[in-house]
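Colleague: Before we start, here is the structure in question, set down as structure tokens.
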Amino acid sequence: MHYYVLFTFLTLDLAPVALSLSTCSALDMDQFMRKRIEAIRGQILSKLKLNSPPEDYPEPGEVSQDVISIYNSTRDLLQEKANERATSCERERSEDEYYAKEVYKIDMLPYYTSENVIPPSYTTPYFRIVRFDVSSMEKNASNLVKAEFRVFRLMNTKARVSEQRIELYQILKSKDLASPTQRYIDSKVVKTRAEGEWLSFDVTEAVNEWLHHKDRNLGFKISLHCPCCTFIPSNNYIIPNKSEELETRFAGIDDAYMYAGGDSKSKTGRKKHTGRTPHLLLMLLPSYRLESQQSSRRKKRALDAAYCFRNVQDNCCLRPLYIDFKKDLGWKWIHEPKGYNANFCAGACPYLWSSDTQHSRVLSLYNTINPEASASPCCVSQDLDSLTILYYIGNKPKIEQLSNMIVKSCKCS
């Protein structure tokens, strides 16, 4: 029984050490940087589910301004969120995941407010707009842990195509005619004629922005992935193409269209799907729990750029590493950015967990379970940021957000 408990403890507590690229073993800095570069090469291809780099792609000058505009807005959003986390000393993710959250459901704002009003005719075959009132949650904005948008897909037996890729966008407040009016969030491939199902999208960043900036709450847009249609950013219009209509139907949005033949057009469809209205699920950390955490938390020195880059450190610290896609990886297929600050963690962890302070039976058992791993602490990444890239598969532009690509701080573990 004792061995079972020890094995469970060691497996859970030390698994990140074995999986991390760290400085447990002696490595000179040049060798470690080369290993880091090769790890990034494999990481990017793996995240994009590519076996090898794409061979066919357009020249940089051939990329349209609309594609560049969407890339820039997505990249800027990530940077804004990273800056907000840095200035507000965001709670550690591990604490957010440990404590129980309160869940709130917010239904979509209705298209019509009266039961006696016939809903407007079906006039937007290319996209749907969904809006929410989250003002009641504004006082708890800093407690938001996660927000999820859920919409129920209806079975559409009259659909001309059996499968479509739908995309979710956050509608932006336009500053001028040249600025983007939507920001890509996520996409899903759905079966239009299949039995109905719930679709879920992570919209934490968008809802967090709404809670802090009420005037930016313009809702979400559900549209079709449609490269053959022309999108006009200045007025949010799509040039019609009959072969690319959105034929995916949603409960609470398309009820009137789906059941237009029923009696009382304004009521029948809506009542049929009671409980399946598009909604947000907000998960918040209770205020009393957040206050308790903040009052008892000790301030720790962050091994980040602000500390490590201005101090010469032999011990565990963040080390700068800029990856030039063309020079370091020999890649020309990533159009934006040209490179990025990947960084890495390196250095000794001499005081946290020395081998002579551990019980010999624990060390012996751990070495038996994982003989190639180190029983000493390793310098590993703690906080990581995402990277947004623009690349092409053939002539098709793709904008992807790659998680955990930029090391921001380190720790001994």
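The backbone N, Cα and C atoms fix where each Cβ goes, glycine too.
In case it helps, Swiss-Prot gives these features for our protein:
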DISULFID  Cys308-Cys317  disulfide bond
DISULFID  Cys316-Cys379  disulfide bond
DISULFID  Cys345-Cys410  disulfide bond
DISULFID  Cys349-Cys412  disulfide bond
CARBOHYD  Asn72  N-linked glycosylation site
CARBOHYD  Asn140  N-linked glycosylation site
CARBOHYD  Asn241  N-linked glycosylation site
SIGNAL    1-19  signal peptide
Colleague: Recorded positions Asn72, Asn140, Cys412: which have a Cα within 10 Å of Cys316 (disulfide bond)?
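Modeller: Cα within 10 Å of Cys316 (disulfide bond): Cys412.
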Colleague: How far is it from Asn72 (N-linked glycosylation site) to Cys410 (disulfide bond), counting Cα to Cα, in Å?
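Modeller: It is 28 Å, counting Cα to Cα.
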Colleague: Say you check the Cα of Asn140 (N-linked glycosylation site) against those of the disulfide-bonded residues Cys317, Cys345, Cys349, Cys379, Cys410; which is nearest?
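Modeller: Looking at Cα distances from Asn140 (N-linked glycosylation site), the smallest one goes to Cys410.
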Colleague: To the nearest whole angstrom, what is the C-alpha distance linking Cys412 (disulfide bond) and Cys308 (disulfide bond)?
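Modeller: Between the alpha carbons of Cys412 (disulfide bond) and Cys308 (disulfide bond) there are 14 Å.
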Colleague: Provide, as an integer number of angstrom, the distance between the C-alpha atoms of Cys317 (disulfide bond) and Cys345 (disulfide bond).
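Modeller: It is 6 Å, counting Cα to Cα.
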Colleague: Cα within 10 Å of Cys379 (disulfide bond) is the criterion; apply it to the disulfide-bonded residues Cys308, Cys349, Cys410 and give the hits in sequence order.
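Modeller: So the list reads Cys349, Cys410.
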Colleague: How big is the gap, in Å, between the Cα of Cys410 (disulfide bond) and that of Cys308 (disulfide bond), rounded to a whole number?
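Modeller: For Cys410 (disulfide bond) versus Cys308 (disulfide bond), the Cα atoms are 10 Å apart.
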Colleague: Express the distance between the Cα positions of Cys345 (disulfide bond) and Cys308 (disulfide bond) as a whole number of Å.
Modeller: 10
Colleague: Between Cys349 (disulfide bond) and Cys308 (disulfide bond), what C-alpha distance do you get in Å?
Modeller: 15
Colleague: Using Cβ-Cβ distances, find the residues under 8 Å from Cys308 (disulfide bond) that belong to the same chain and are at least 6 apart in sequence, listing them in sequence order.
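Modeller: Listed in sequence order: Cys317, Leu318, Arg319, Cys410.
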Colleague: Work through the disulfide-bonded residues one by one (Cys316, Cys349, Cys379) and point out the residue whose CB has the fewest other CB atoms within 10 angstroms.
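Modeller: Least crowded of the disulfide-bonded residues Cys316, Cys349, Cys379, by Cβ count within 10 Å, is Cys349.
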